[in-house]
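*Asks:* Take a look at this one; I'll ask things after.
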Number of protein chains: 2
Amino acid sequence: MGESLNGLKRTIMCGEIREKHIGDRVVVMGWVQRKRNLGGLVFIDLRDREGILQVVFGEEINKDAFNKADLAKSEYCIAVSGNLVKRESPNPNMPTGMVELKGEEIKILSESETPPIYIKENLDAAESIRLKYRYLDLRRPDMQRIFKIRHKTTKIIRDFMDGEDFLEMETPILTKSTPEGARDYLVPSRNYNGKFYALPQSPQLFKQLLMVSGYDKYFQIAKCFRDEDLRANRQPEFTQVDMEMSFVEENDVIELNERLIKRVFKEMADVEVKLPIERMTWKTAMEKYGSDKPDLRFGMEINDISEEVKASDFKVFKSALEDGGSVRAVKASNSADMPRKKIDKLGEFVKTYKAKGLAWIALKEDGIKSPIAKFLKEEELKAIIDKVQGKTGDLILIVADKNSVVFQALGALRLELAKELEILKDNKEFRFVWITEFPLLSYNEEEGRFQAEHHPFTMPMDEDIQYLESDPGRVRAKAYDIVLNGEELGGGSVRIHDTALQEKMFKVLGFTKESAWERFSFLLEAFKFGPPPHAGLAYGLDRLIMFLAGTENIKDVITFPKNQNAFCPLTEAPNVVDENQLCELGIRFENNKE
Amino acid sequence: MGESLNGLKRTIMCGEIREKHIGDRVVVMGWVQRKRNLGGLVFIDLRDREGILQVVFGEEINKDAFNKADLAKSEYCIAVSGNLVKRESPNPNMPTGMVELKGEEIKILSESETPPIYIKENLDAAESIRLKYRYLDLRRPDMQRIFKIRHKTTKIIRDFMDGEDFLEMETPILTKSTPEGARDYLVPSRNYNGKFYALPQSPQLFKQLLMVSGYDKYFQIAKCFRDEDLRANRQPEFTQVDMEMSFVEENDVIELNERLIKRVFKEMADVEVKLPIERMTWKTAMEKYGSDKPDLRFGMEINDISEEVKASDFKVFKSALEDGGSVRAVKASNSADMPRKKIDKLGEFVKTYKAKGLAWIALKEDGIKSPIAKFLKEEELKAIIDKVQGKTGDLILIVADKNSVVFQALGALRLELAKELEILKDNKEFRFVWITEFPLLSYNEEEGRFQAEHHPFTMPMDEDIQYLESDPGRVRAKAYDIVLNGEELGGGSVRIHDTALQEKMFKVLGFTKESAWERFSFLLEAFKFGPPPHAGLAYGLDRLIMFLAGTENIKDVITFPKNQNAFCPLTEAPNVVDENQLCELGIRFENNKE
């Protein structure tokens, strides 16, 4: 059974009704959140996108309506007409709590079976069932709040970019593999059997082409695709706020984006982001925080104690230093009494980052306790404590290894300690930092060659270009990431627009002229025709929305997400297709494959 | 060679410079449109996104700059600093024509080879070369104008929808086949070998789910995909302005969209669209214009002359009427003297629409001429002429056949005549019309069953529901198209939200309960939980932009389009992929396929 509207028009949303509307005759429509029959009165909490309104039906108000209302159950979709009156027992916890609607007419627009999940905030249901019944999960007010945030945020971004004379331009989804290096999703071609389109991992090449085309300022809120094994906060398709500008340098991109960030966080979170946002070189970030996305909401910085222990005979320190590594420490305040078991667990933790072990020094009330004390001279111990400004009650945690391991282990340990010590509990801060001067290249030990850290079109810093061939690992890039509370929100770079430099770069990356051409042909070809200096940046929109909505689950900010196996429990995609479709594509499947 | 900006900042765009800027010191950057060395002075027309500025270099202004400027060639990318002065020989045809820049410094940011196409308006180059060098084609000012229109139009649409409380929501690209009936693009799954995602033909099912989820008003500017054989104005991927509303009826959707249309055409074309827009039933459109997308910018309507010839012995008319068909005519004014050859050509033309032939009556100065006059009584001939209000100088063209053929043939003939007679030459009108009351179903003769004209979720008109099982062909739908100048700009419908009616609909379409469930499972499942009444509409954005930009080629409004074979000459997509990628997907190709 489903009644028609038959010309009945909604006059107001449930959630918009306030005391000032008392006396108004209204028509509202929505879903039955709850129905109670209390001695001759039927109360319905009626829910729409904007909120919940109490509706009361009684025999003395309208008997037919009363009887029909009593048929309604949870999640029935109904329309009600009547007068708004002052509520007899007001509920100050609800925005509409001063008012109730006396229901004179009701239409049952559609019925509902008992939903398999509760339509309420903070639902504690299994993800599989939430995704299978996503349309019910999306009815929950906290999910509706998130998608309002998402809509409003993209609107603000678009308004801002439009105001800055950027043109929003669409780039192709059916295209050729882009050189991001992750695995592409492929689309078999019917016209050219055996050939494939690739879904874009980003609009990188196209946005650079648009700069070559003179569009000057481009942006797009773009779908991107990566066929990677999914981790907690990854989805096969995700959304980027993507931009590119011509005739600019690093500072121009940063300055524009600071204004964008300020506006978004002001309007969406009522937070004043102070400009300019702090900048930190990659080197400093690694040395002080062991991470290129440092969380600056707390200190607990890493200290280099190599100098202090350089004369030590302690084998672990000695061999690390001899191998060109370092000895570094973080200090946890008021943690000297941490139980041995917990410290051992931290030791296991750093081993997952390839550290050989974790040394510690506890500055207890009753003196220093440390399993390594016996290996150190007293002045060495003192020097370490001085270097980290240790005082009674502190726990000093030390890793000695090659630098990359030390940074990674202590960077992770620092975050783990913050969690353990609840340092960030109730912290509402949004702490931004630009990380700059990234290494241009990193050495791939497996392949025995340098590879681009960002992508092969990233411009080296002017003063480092001289080392490009002689000492590639030393070259820093004109690349920048914007980091928020320890997460990368976005990143970008100045691009190479000089053909000679680009060719040198390819050479360093081990491309022959032919192989570079094969892979990037059309971009290289385009660069023959007066490419402008250009630079850009891209944000992960999903992550930005997660911050603004206060959720740590990317699935909460995507309407119809996939699960960890890139499967959609709602639509059951991917699925089998008709044999004749495969036939048209000329595709067969291996028999020996699952 | 490519110089760096090294801190040099652009101060203004070339195309923005006006007389009021004379005296300003500026830095401009752009491309060399033209360079001339006229006796000791180098003139460069410098082009950026906003327009062209004349720059002059001279030995007496700055000798180094003069020498360097003389090295510049077409499409070099340069930066110039200097003072703006009054131009000695003003060019009133250019917005910047009163001003010139005295170039004191020049940087050659990058050089250019001679471009394979001219960077100029109204280029007459082969499409293949335009698409291969798309980044140069996109440099042309008329293309840049189009993408500014595209950006601005989508901005206006988004502003409008936001103002009407619609939420822009993204729906998945990697999803399950949707029931539009065209061929899907497929994406093989790596996790589930042998299974596929499909790229969406439209967000139809998802937007209906979002209504079930209570989002109330949804819109999206969405990429859609169809793997169809391409016709002139089709692309494998295209963009829809897609919307859906809850708790509304047909008129609400139409009224909202009229205001949207009015706003877009006012702001983008400075045209006042008068509201309400005319509405015409499908039946009237077919009978008067032989088309469900009539071009109302001219008359030349179709007249039914069946009644006038019903007693005629003329075999062609007689057999058409006996078979349940009709005899209908269009009248071309001032065309009685059309040469016989041309008339014969029109006869051939209607045959391509399956008409058996074209009868004609020419009302010449010296009397009636008609090859069929001998078969008609004088009063019959007179009755025909009266019916079409023929007068001297007119040419009456007649088709007799079953109705569907008559409508199609005369509808096409009417447009052909308008072209032939140049009726629409210099017509700048934007003539909108809503077509309503479409047939819900059409009979598929091949498959011997009824099929949905719009899609299987379209609501029948209330008064016709009674015929759904007894006389399906008679049932009209709550569906509506918005037609502009004879082209469908968009269309939509009210959706069925009643499960019982939906099941009846599936039965009429020949689905068993199981097969309907198999195909639409999750939507049908969702409809168990209180679906609201809802209705929607989608526009083809590409076509809208074509109207606003005044181009008839869809490739002009898409940044990087495919050619007729769904191939991109620029990126060479689709292309072969690595064997190991196919291996991961478990895919092999048939040997006996090309």
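Placed from the backbone N, Cα and C atoms, the Cβ positions cover glycine too.
TrEMBL labels come from automatic prediction, so no person has curated them.
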*Asks:* Looking at B:156-159, B:204-207, B:348-351, B:416-419, I want to know which stretch TrEMBL calls region 'Aspartate'.
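*Replies:* My reading of TrEMBL: the region 'Aspartate' range is B:204-207.
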*Asks:* Per TrEMBL, which of B:GLN235, B:GLN502 sits in the ATP site along with B:ARG226, B:ASP227, B:GLU228, B:GLU488, B:GLY540, B:LEU541, B:ASP542, B:ARG543?
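*Replies:* For ATP, TrEMBL names B:ARG226, B:ASP227, B:GLU228, B:GLU488, B:GLY540, B:LEU541, B:ASP542, B:ARG543; of B:GLN235, B:GLN502, the listed one is B:GLN235.
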*Asks:* Among residues B:ARG226, B:ASP227, B:GLU228, B:GLN235, B:GLU488, B:GLY540, B:LEU541, B:ASP542, B:ARG543 annotated as binding ATP, what is the maximum Cα-Cα distance? Answer in Å.
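*Replies:* If we measure all Cα pairs in B:ARG226, B:ASP227, B:GLU228, B:GLN235, B:GLU488, B:GLY540, B:LEU541, B:ASP542, B:ARG543, the largest is 21 Å.
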*Asks:* Can you tell me the CA-to-CA distance separating B:HIS454 (L-aspartate binding site) and B:GLU228 (ATP binding site), as a whole number of Å?
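*Replies:* Here the two Cα atoms lie 18 Å apart.
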*Asks:* Report, as a single number, how many Cβ atoms besides its own are within 10 Å of the Cβ of B:HIS454 (L-aspartate binding site).
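*Replies:* Excluding its own Cβ, the number within 10 Å is 20.
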*Asks:* Could you round the CA separation between B:GLU488 (ATP binding site) and B:ARG226 (L-aspartate binding site) to a whole angstrom and send it over?
*Replies:* 18
*Asks:* With DSSP as the reference, give the number of residues of the region 'Aspartate' (B:204-207) in helix, strand and coil.
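*Replies:* Going by DSSP assignments, the region 'Aspartate' (B:204-207) contains 4 helix, 0 strand, 0 coil.
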*Asks:* Of B:GLU228, B:LEU541, B:ARG543, which is closest to B:ARG495 (L-aspartate binding site) if I measure between C-alpha atoms? They're all binding-site residues.
*Replies:* B:LEU541
*Asks:* Taking the binding-site residues one at a time (B:ARG226, B:ARG495, B:ARG543), which has its Cβ surrounded by the most other Cβ atoms within 10 Å?
*Replies:* B:ARG495
*Asks:* Including all protein chains displayed, how many Cβ atoms other than that of B:LEU541 (ATP binding site) lie within 10 Å of its Cβ?
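*Replies:* There are 25 of them.
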*Asks:* Return one of helix, strand or coil for B:ARG495 (L-aspartate binding site), based on DSSP.
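*Replies:* The three-state answer is strand.
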